[in-house]
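Here the structure comes first, spelled out in structure tokens, and everything after it is commentary.
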Amino acid sequence: MPKKDVRAFLYDILENMKDIIDFTNDMTFDEFLKDKKTQKAVIRSLEVIGEAVKNLPEDFINKYPQVPWKGMARLRDKLIHHYFGINYEIIWDIVINKVPNDIKEIEEIIKDIEGEDENSI
């Protein structure tokens, strides 16, 4: 897969992660539980992230093992198919404890890829 295509998926992932942070900014877990619109927006963004991850080539995923790619893809499957319902405590934990770090990792990967492109000119 050309780097351009990989980059498009990475930008999709990054945009949706940043959206999740924006949607839940200054929100408590109790507020999140009461706000169906935010729940649905966060769930949809997590689904899009998982779908984008599924489109990344295996060799690319293996090159960046610091990102929980497979977990993102599995979460998408669970959300899409609603296996055993949605546990909003787990979703909130992902929002608060995983997404901010994943944003940093994805930004670093994008810089890495763009640096490779500059070096190949």
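Cβ coordinates come from backbone N, Cα and C, glycine included.
The stretch that Swiss-Prot tags with motif 'RX(4)HXY motif', taken from the ranges 44-51, 52-59, 76-83, is 76-83. Fewest other C-beta atoms within 10 angstroms, among the active-site residues Arg76, His81, are seen around His81.
With DSSP classes pooled into helix, strand and coil, the tally for the motif 'RX(4)HXY motif' (76-83) is 6 helix, 0 strand, 2 coil.
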